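Scroll down for the structure; my scribbles are underneath it.
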Amino acid sequence: MKVEEKAGVKKLEPTSYRRRHPEQDFPSIHIGFPVPGYSQRKSDSKGHLSGLQRVQWSLQPDKSQQDLAGPDGIKASSLGGSVDFTKRIRSPAAEQLQDILGEEDEAPNPTLFTEMDTLQHDGDQMEWKESARWIKFEEKVEEGGERWSKPHVSTLSLHSLFELRTCLQTGTVLLDLDSGSLPQIIDDVIEKQIEGGLLRPELRERVSYVLLRKHRHQTKKPIHRSLADIGKSVSTTNRSSARSPSAGPTLHHSTEDLRIRQSTSYGHLCHAQSRSMNDISHTPNTDQRKNKFMKKIPKDSEASNVLVGEVDFLDQPFIAFVRLAQSSMLGGVTEVPVPTRFLFILLGPSGRAKSYNEIGRAIATLMVDDLFSDVAYKARNREDLIAGVDEFLDEVIVLPPGEWDPNIRIEPPKKVPSADKRKSVFSLAELGQMNGSVGRSGASAGGGGSGGGAGGSGAGGGGSGNEAEMPAMHEIGEELIWTGRFFGGLRLDVKRKLPWFPSDFYDGFHIQSISAVLFIYLGCITNAITFGGLLGDATDNYQGVMESFLGTAMAGSLFCLFSGQPLIILSSTGPILIFEKLLFDFSKANGLDYMEFRLWIGLHSAIQCLILVATDASFIIKYITRFTEEGFSTLISFIFIYDAIKKMIGAFKYYPINTDFKPDSITTYKCECVAPDTVNTTTVNDSALLVPNTNMSVYTPLNLTALDWSLLSKKECLSYGGRLLGSSCQFVPDLALMSFILFFGTYSMTLTLKKFKFSRYFPTKVRTLVADFSIVFSILLFCGIDACFGLQTPKLHVPNVIKPTRPDRGWFVAPFGKNPWWVYPASILPALLVTILIFMDQQITAVIVNRKENKLRKAAGYHLDLFWVGILMALCSFMGLPWYVAATVISIAHIDSLKMETETSAPGEQPQFLGVREQRVTGVMVFILTGISVFLAPILKYIPMPVLYGVFLYMGVASLNGIQFWDRCKLFLMPAKHQPDHAFLRHVPLRRIHLFTLVQILCLALLWILKSTMAAIIFPVMILGLIIVRRLLDLIFSQHDLAWIDNILPEKEKKESDRKKRRKEVHENTDKEPQFLPPSVVKIPMEGIPSDPQNGIHCVGRKRSSSWSHSL
């Protein structure tokens, strides 16, 4: 088949240098790529180019050296040499792609499910058999069994892509065809082929007969059908063997066999009128509707069908690419009941089955490519499709055949590069292709990714220009803009949050919310009990466990109902506990009333918080970069981990392991209760006393002298003044070891069940359910283990009566009457420290929660959050309850428990993180349950405390995930060759990274020392000190380094942005036409690739160079 040039395909002969072999003269592939001129500054190359600059694929015959100079006088030296030129190379394909892909107003195109069917012959019968399918990655039908292969990355030969390009150039292309059935589509395609002289009219019925054969799909069959098929296949094989002892498999693929059998089959076409030409049903069959694979296909998807095969009656390929105007159900053509939008048909002469199959795989792979699928949907003509293929060729990676086995299936990557990056690349300065850039940018590939694949460049790939290597600027949301108006920020927060208020409730009705509520509830009550007990010891029970429970329930529920960020969980913190202890000691030493003094400090602090809200003081949070965020969150995580381990070690001290126990001396071990020397003979009425083996009522008055002290229990003996005597009296079962099993078992089981989501066992929904309820399952499991053993491990004790811990105080604190008048104004000074502490804790936690990595779509409310924290502080001060502020670790755990991922993902594709389920229901339910925990005390008393310590440990460890500081700390222990491919490691020297990490470690150590001493009262001031330290780092590190390992401070960002803007204006005024080097040329001999003119699919040779000369 002769390859003809089509309209709109222009011949472009770039000026290039080519080195000729002294003894050979043969056609060559010239792979050219434009290089930015060296006279132009690199920093000026970004964003000033129009058109899509592409890698140029050009097949041209050898020319004399004089012809290479070009009509414009452009001269080229050897590859990589400096070249002067004055004209920019622009390709028609670049303009086409820029026009059709530049429209961003349209809705995204549906996901394409692509199925490839190959023509199979069984005797006189023919059918289309499904051989492969794609959603994102390729799945093949295994030849040795009725099963699908694992999803894998499609590996295509470069030659098949060239042949596909030729197919689109020479075949029939029908765009927006208005047909609703397969016979009608085939009739239109055949008619178009006959009109174009590509098919002889007498072959119409033969081609139509082949294309309308039934399709057999690789679907899962019931077990009874599978056994029946096995028996049928065995009997068929026996009959075939009886007819011909040398007979091969049932399906014949050899050319000779096909020719003989097809001639017999087509001989029956004369009787076509007596039987149907169409074997395909118009509606989906039962197998299609029941196919479970439909769950993997996104909603509103469309299908792309690829049909390839070989026949003996064609002397040139029958090629057609069809795009329907509206997707239509084509009956049994597709494996699943998905409407078809695209068809690619390739029927060719016999003997090239493998070549046709590779071309089919190539077009199928392109159809599921994000960018080419957009081109296919928006293409206006044939040239647009060819331009899409050329863009795909720009991104193709070629592996040397001697270094890679194509039979090895490449596992799908964990992170796939976004197609948006490719779509936005319309200039060479931003080109992040594998083949499109050289020089310095090629050495620093993958600007934004954490790996080669993620960055789009990997090893050996071209990166961006100098400016493109910089990461995204530190984005400051509009919530932190200083308005300059009285309560301006608060009013804007309210306006932003009001539209989302109804959805904050109905978005919470999801099964995932149940797991989040139980997880955070257990963390909150554990924290409330621990903090309440410590606070009771520090304040002589003026504030205890009951006050902690009531304050947590009231403050937390009100905050989650009305705050700007309801995902934040309020709790008490260590610095507040230290402040309360110092305040109580000061009041006691100076004869002041502690509760009244504390009330005035809380009122002043609340007023100061409201002043900060009124003046939009929260805008200074934009100066908190990753350096401060990660230092603060890492410190809180370490506190959780340290406290959990410390409490576990305390169990070993309280219940020591019996190292002196000797099993051989068990007969000498005894313990008995001995009566005291003098016993009061008066009677005792004690309901707790129960003498074993007697019928004595528990309420019967007892005479202690009449008791048999040897029958009393340990508790009874000690309560009535008796003494324990014996060598085994100090024996304690190994409660410490059992507590450790419960503690570490809960932590490790939770961690394992969380990772179970990414295992290979059980269906996706089961794994997701187990991962979401991992905390609940772990707690229930180890509570059951503790109950089975029946050991007296420490249990959770919750007050069962709502009353103040101290009997001489009530639920309201009077503001006057117990302290001198000067105490009221003097409390402003300690209130200032509390305000700094509250402000920093609250806003740093809010910044961490509102990170862009969490993909929160509802607006934040920094001013509204601080407003409610101030109001709640005043309310808690009047009621004598603890003060509450945002809890970093529990808030991060709340975020993690509400993360959403794609419900349907393509086989082999990792679930994509969609964001967080933003709502108020979980927070409100957590604190309501905390409040009614008093009535749940009979149930909660069965929960061992070591289990809750394990939950604490998990919270601390889990909150360290995703912190870059922790990743950089681990680099100290890794050799360079084993270090992960983090993005910052590509752009910042390792010694600079270690220096930055050491500074953070020193700051963290200083904060830890302050927290552990009485100087913890100045802890909030030291948080402010972190911001100062970060500003001083600008004197040590460059802005480039800080951009990768931290964030650039706002004023630095503004200066950088202004500098770029001025430079852009100067560039636009002085240099409207950026210059490029002429394409450098690599000569690839084509002598070993034979052309076969008979089938019409081949690489274009000496006289067909224009078919390939698109400068892309």
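Note: Cβ is positioned from N, Cα and C throughout, glycine not excepted.
Membrane topology from Swiss-Prot places E901 and T1013 on either side, one opposite the other. It is 514-536 that, among the stretches 514-536, 548-579, 821-839, 881-900, 993-1010, forms the most Cβ pairs under 8 Å with the transmembrane segment (773-792). The recorded stretches the transmembrane segment (599-620) and the transmembrane segment (821-839) share 3+ CB pairs below 8 A when only pairs 6 or more apart in sequence are counted, and are therefore in contact. Contact between the transmembrane segment (514-536) and the transmembrane segment (821-839) is not supported: fewer than 3 Cβ pairs lie under 8 Å, counting only residues 6 or more apart in sequence.
Away from its own ends, the topological domain 'Extracellular' (941-945) comes close to residues 522, 647, 739, 742, 779, 782-783, 786-787, 793-798 of its chain (Cβ-Cβ under 8 Å, at least six residues beyond either end).
Proximity of the transmembrane segment (946-966) to the transmembrane segment (859-875) is not established, fewer than 3 Cβ-Cβ distances being under 8 Å for residue pairs spaced 6 or more apart.
Distant neighbours of the topological domain 'Cytoplasmic' (901-920): 135-137, 139, 150-152, 295-299, 411-412, 414-416, 500, 503-505, 507-508, 510, 512-513, 560-561, 566-567, 854-858, 895; these residues of the same chain sit at least 6 beyond its ends, with a Cβ under 8 Å from one of its Cβ atoms. Broken down by DSSP into helix, strand and coil, the topological domain 'Extracellular' (876-880) contains 4 helix, 0 strand, 1 coil. Away from its own ends, the topological domain 'Extracellular' (876-880) comes close to residues 542-543, 547, 551, 554-555, 595, 598-599, 601-603, 606, 804, 809-813, 815 of its chain (Cβ-Cβ under 8 Å, at least six residues beyond either end).
Here the topological domain 'Cytoplasmic' (754-772) has Cβ contacts under 8 Å with residues 511-512, 515, 897, 958 of the same chain, all six or more residues outside its ends.
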